[in-house]
Amino acid sequence: MLWFFSVRALAERPCRRSPGITCCVLLLLNCSGVPMSLASSFLTGSVAKCENEGEVLQIPFITDNPCIMCVCLNKEVTCKREKCPVLSRDCALAIKQRGACCERCKGCTHEGRTYNSSFKWQTPAEPCVLRQCQEGVVTESEVRCVVHCKNPAEHQGACCPTCPGCVFEGVQYREGEEFQPEGNKCITCSCVGGRTQCVREVCPILSCPQHLSHTPSGQCCPKCLGQRKVFDLPFGSCLFRSDVYDNGASFVYDNCTVCTCKDSTMVCKKKCSHPGVCNSDEDACCEDCLLRVPPEDIKVCKFGSKIFRDGEMWSSVNCSICACVKGKTECRKKQCVPVSSCPQGKILNRKGCCPICTEKPGVCTVFGDPHYNTFDGRTFNFQGTCQYVLTKDCSSPASPFQVLVKNDARRTRSFSWTKSVELMLGESTVSLQQHLTVRWNGSRIALPCHTPHFHIDLDGYLLKVTTRAGLEISWDGDSFVEVMAAPHLKGKLCGLCGNYNGHKRDDLIGGDGNFKFDVDDFAESWRVESNEFCNRPQRKPVPELCQGTVKVKLRAHRECQKLKSWEFQTCHSTVDYTTFYRSCVTDMCECPVHKNCYCESFLAYTRACQREGIKVHWEPQQSCAATQCKHGAVYDTCGPGCVKTCDNWNEIGPCNKPCIAGCHCPANLVLHKGRCIKPVLCPQR
């Protein structure tokens with residue numbers, strides 16, 4: 001897509017640097033979406049003229065930008081700006097060539113032809129050799145046939161033999177129909193001419209480091225997580241994983257694969273053992289053989305409820321790798337490379353069998369009055385009192401998830417606080433409310449709660465929601481919210497938490513897709529429209545950090561001074577506390593009498609230190625635990641679903657409602673007007 005704009009002259013005199021153009025001072029109009037009519041209202045001069053129709057013009061400071069090209073059109077200088085297309089979400093390696101305007105997904109060059117990523121092809125000269133391009137890597141391998149009968153038929157011009165009939169495992173398949181035998185997602189069979197032909201999928205070699213790859217559910221081959229962005233390398237060099245290889249350089253990828261850098265494309269050839277030596281103990285590539293062994297000679301291994309053929313390998317429990325060797329299962333422990341620390345931007349992940357350095361997840365924090373710290377590290381304050389989109393997936397029209405926050409003023413004119421958090425995931429709505437109350441689709445629930453798509457539990461003093469979509473939400477039951485986004489969501493999110501692309505300068509992109517220069521305009525653009533009345537009295541401006549009496553200021557600084565104490569000192573050199581200190585003072589200056597408003601800033605700073613692997617000595621349970629219920633109630637993750645009140649305390653009968661998490665009156669007390677009291681103190685009926 002091209003955007004056109006004209007070039008105007010402030011003074012009409014010959015331009016010495018650009019022949020044929022009658023101006024020396026040039027201004028671009030309509031570069032940033034400014035309407036031409038509006039721009040012309042405050043600019044004077046005339047459109048720059050030129051002589052040679054159709055000539056491409058070089059204009060200093062304008063055409064230096066590779067996205068802008070100026071031509072002589074109708075005797076006037078007309079410039080066009082290229083608008084870059086959005087790259088596919090499946091693109092794992094985006095490159096930008098020097099002098100080019102737009103990024104593109106890294107493809108492959110092979111034998112003089114160019115191929116897009118994910119493209120597979122075979123040539124007439126080598127019909128049984130499969131080639132596939134995946135982000136700058138061409139994987140060459142033989143077509144791997146799977147034969148399940150004693151009398152397979154060979155066909156001229158076909159790579160794989162076929163077996164008679166289209167009945168497999170008792171199921172009759174139609175002509176042309178494809179299926180996966182035994183639920184094996186790596187083998188595809190098809191019914192062709194009344195016979196069955198089966199092929200094993202060959203996984204392409206990936207360009208990303210191993211720790212950035214994963215195998216999606218229901219698929220055979222791994223894919224790269226997220227998207228890496230690099231400049232195209234000169235001299236035909238290749239980027240493979242985290243290393244750069246010179247043009248012509250070769251290396252052994254594994255026992256079965258040799259890779260060579262050829263003109264910026266890494267060509268990896270997988271060798272396959274001949275069927276006659278498949279049973280050789282020295283053959284390291286036996287699992288890559290064509291399975292042309294008669295069924296009675298095929299040795300299989302049963303492991304649990306699964307059947308594995310000879311040579312197949314699989315991961316087992318307790319970090320073991322198992323293999324089927326001549327009908328016997330052999331297992332050994334995975335050998336881990338010791339890792340003690342990670343480079344900047346990486347975090348040590350100990351969740352798997354072996355500790356590895358992985359990309360840090362994005363973290364967005366909301367706390368206090370409220371203060372927002374985006375995924376990319378931009379900090380701002382916003383005191384709106386409605387419901388807003390904190391984050392959602394903007395990479396698809398129908399967002400698979402979104403997180404909403406609802407704010408209220410809590411009887412103040414200048415500030416607001418986060419009152420509740422709402423996670424909308426598919427057909428489920430999870431509400432995290434005050435005092436750690438949890439509702440699922442409107443009903444209060446007990447903890448822990450497990451579903452196929454999310455898990456909710458109390459983690460210390462925080463309520464934690466973990467989703468399969470890659471989001472993790474922590475809530476303290478008061479006004480602290482932390483959203484953690486997995487690296488594969490990078491560049492896909494939007495909302496008050498920003499777009500998570502690694503650059504905080506463009507975090508203020510509003511709900512209409514336009515950049516906002518004012519924080520309030522940005523935040524209001526993410527307001528959720530509803531019929532609920534959410535306005536408050538006219539907002540009182542706050543010209544300084546802390547308005548109020550001397551007593552209020554002294555209390556604010558006295559409480560917030562603890563951030564500078566020995567409890568947090570071990571973290572000061574790694575995480576700057578000044579922003580948290582200012583937020584703390586702001587919160588304390590209009591803090592309700594019954595609240596410890598410094599807690600949110602302390603908690604936010606503690607979490608930031610913990611993410612850097614630094615332990616601080618501050619314990620929120622001592623003075624800030626949100627689980628400390630008020631008016632005699634106690635917190636229970638599975639309290640009674642039937643509430644005892646002054647009206648029903650002496651009724652006898654079982655409670656058929658499920659237990660729920662939240663604040664409950666102890667067994668010897670009843671609830672009356674929001675307080676837990678003894679039954680004898682109930683008013684006379």
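Along the chain as shown, residues are numbered 1 onward.
Each residue, glycine too, has its Cβ placed from N, Cα and C.
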Which one is it, C238, C534, C546, that Swiss-Prot ties to C386 with a disulfide? C534
Disulfide-linked residue for C497, taking Swiss-Prot as the record, within C357, C364, C629, C638: C364
Provide the number of Cβ atoms within 10 Å of the Cβ of C497 (disulfide bond), excluding the reference atom itself. 29
Over the span of the domain 'TIL' (629-682), count residues by DSSP class, listing helix, strand and coil in order. 3 helix, 18 strand, 33 coil
What does DSSP give as the helix, strand and coil breakdown of the domain 'VWFC 1' (50-105)? 0 helix, 21 strand, 35 coil
Where among the disulfide-bonded residues C364, C386, C534 do you find the Cβ with the fewest other Cβ atoms within 10 Å? C534
Round to the nearest Å and give the CA-to-CA distance linking N441 (N-linked glycosylation site) with N116 (N-linked glycosylation site). 44
Please classify the secondary structure at C364 (disulfide bond) using three-state DSSP. strand
CB within-chain contacts under 8 A for N116 (N-linked glycosylation site), separation at least 6: C105, G107, C133
Around the Cβ of N255 (N-linked glycosylation site), how many other Cβ atoms lie within 10 Å? Please give the count over every shown protein chain. 10
